[in-house]
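Asks: Per TrEMBL, transmembrane segment is recorded for A:6-23, A:65-87, A:107-127, A:148-167, A:179-199, A:211-229. Residues or ranges marked as domain '4Fe-4S ferredoxin-type' in TrEMBL: A:291-321, A:355-385.
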Amino acid sequence: MIGQLIFTVLFLAAGFFFYRNSAKIYRNIRLGKTLNRFDNPSERLKTMLLVAFGQKKMFKRPIPALLHLCVYIGFCIINIEMLEIVIDGIFGTHRALSFMGGFYNFLIYSFEILALLVLLSCVIFLIRRNILKLKRLNQPELNNWPKTDANIILITEILLMAAFLLMNGADQKLQLLGHPHYTTVGAFPISTALLPLLPSSLDGLIFIERFCWWFHILGVLAFLNYLPLSKHLHIILAFPNTYFTKLEPKGKFENMPAVTEEVKAMLDPSLPPPSGEVSRFGVKDATDLTWKNLLDAYTCTECGRCTSSCPANITGKLLSPRKIMMDTRDRIEEIGKNIDANKSLVDDGKSLLDNYISREEIWACTSCNACVEQCPVNINPLEIIMGLRQYAVMEESKAPTSINVMLGNMENNGAPWKYAQADRANWANQ
Amino acid sequence: MENQIQVPTVAELVAKGESPDILFWVGCAGSFDERAQRITRDICKILQHVGIKFAILGTEESCTGDPAKRAGNEFLFQMQAMMNIQVLDGYEIKKIVTACPHCFNTIKNEYPELGGNYEVIHHTQLIQSLIEQGKLKPADGHTFKGKRITYHDPCYLGRANEVYEAPRKALEVLDADLVELKRCKSNGLCCGAGGAQMFKEPEAGKKDINIERIEDVIEAKASVVAAACPFCMTMLQDGVKIKEKEKEIQVLDIAEITVKANDL
């Protein structure tokens, strides 16, 4: 009875704290500029099903894709088990769903197989990160917290799966010993192997079974509350993020409507001057980005496929698209905390450009879209880079000298080089 | 010995009471860069050979504004765009072919919202359709037969607009030993010139991007690397030069390969 009470309180508390932290993230994303990504729902749904649900883009790299698929399917399916755990926890029942009989046995059987696959995949992931030291998983932007974050996630998943299997093993042994509370039910292809390792005393077995049950469920609830603080949030946000993907060709960059109004007025003086006040051209701080850019930042799980395909990064430049996303998230989090502390945003003298992302980084981009193409959850670092360039050029007139020369040429003679417009067709006469 | 090509401007056609079926948007590189001018002339040869009534804007053409936009100067981009749209609409242009993937992308994707709506194709798409119509056919015993040829995907044609097949189809008719680079199609590696990089020195790093790319070409053991973008052409050619592979590796545009193979 006390157990049920404790469980219910912890379950509700975990739900409440998760809701509170999620609401903050939602608020932070809404700090971004408006953008219409609500059109064409059927196309959007299709993209989400293919890319997030179907893991389509992961398979550009087959080995990590297969390992990730194991963890992904395992995570989704084993969560069905959570339903039973919650029912058992609240009502004090044991294996409440076992009335399903043969189908229940099939479920437990597949959970065990999946649990083992998840466990093994996570061990291989740990090895790739920490022993093989794959370049993509060991670049400078991952130093300190991001590396720890990744290891915490993997170790937690290993522990959760181990507890699940150990719980089943103890349960199975109790069934074999004929304990009345542990009715014979379930199919245990993996945990059977653990039987010789388990004690034969009923008390010892019950302790292990209960301990693992509590460890598993408390671990899951703790993990749920770890998500909003971690890069692991992608397991939820991958779905909305792919749904809200830009559906137009990757080469199409947004035309700024405020500029269109001004240019139209300049070319045709009979038009009324633009009415709307534009607070800022381009992106200086995270709040100048669109909500989709911010959703991108919260969705990023720092896998680094973008960075490892970025021509600038491959050739040793400072630019890393992954870092652009991590910086954006760090900055909007900082702004969110600032708002929490002061009720509204108080100028902290910082900005995304310069305090987080340097000029050297933004000017190294070739706008080749490799990062956008590679991202398994359709994040777009390029839009952020271009926004920062727009601020540097249009608000500050601060571009590399040779870029200014190019822009000057275009203004004066309609070509990026210093050739006269009148000579444009000379090639035809040579 | 080059065949004489006739390149009318739209203004000339209009003065005669005619109009072109297709406008050839030459682009800044195609107009001024000596290497790219050769590609420009080859495209004219193809158009002339198949009897398509085409014209250029000549001195009325101006930069699409792509490098300004990618460098962050949206004002200058939109100024260029709207001036070009005025000229194009003034001549009631409906269809455009261009040899530059940057011009192609900008006019096709970014002009419509600013009022410029045209059917835009890249010259590799034109060549593909002419091959399919049987209007272009490699001559017997042309020089590319059996040669090891690879293709470098320009970012603004490939990833940006998902045109991967047209240039490959133009090479498939050559009866050559075609080989893909290890990074190709949607995984292709940039030449290093996009996003206004063409007009500035690269940031500090351990290597230039075009060197990284030309190493892919060397690894593929290709004797010809086909390009489809004037900027890629410059970058690849510089790469070949720096690697001192000028004797072993030729950089040619799809249009040049087509003209040579068809003996135009």
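Cβ coordinates come from backbone N, Cα and C, glycine included.
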Asks: What else in the chain is close to the transmembrane segment (A:6-23), if you only count residues 6 or more beyond its ends and a Cβ gap under 8 Å?
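Replies: Distant Cβ neighbours of the transmembrane segment (A:6-23) are 86, 89-90, 217-218, 221-222, 224-225, 227-229.
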Asks: When the pLDDT values for the domain '4Fe-4S ferredoxin-type' (A:291-321) are averaged, what is the result?
Replies: 97
Asks: Most CB pairs under 8 Å with the transmembrane segment (A:211-229): which of A:107-127, A:148-167, A:179-199?
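Replies: Highest pair count goes to A:148-167.
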Asks: In terms of Cβ proximity under 8 Å, which residues at least six beyond the ends of the transmembrane segment (A:107-127) contact it?
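Replies: Sequence-distant neighbours of the transmembrane segment (A:107-127): 67-68, 70-71, 73-75, 77-78, 80-81, 97, 100, 151, 154-155, 157-158, 161-162, 164-165, 168, 186-191.
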Asks: Could you give the number of helix, strand and coil residues in the domain '4Fe-4S ferredoxin-type' (A:355-385) as assigned by DSSP?
Replies: 16 helix, 1 strand, 14 coil
Asks: Looking only at the domain '4Fe-4S ferredoxin-type' (A:291-321), how are its residues distributed among DSSP helix, strand and coil?
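Replies: Final tally across the stretch: 19 helix, 0 strand, 12 coil.
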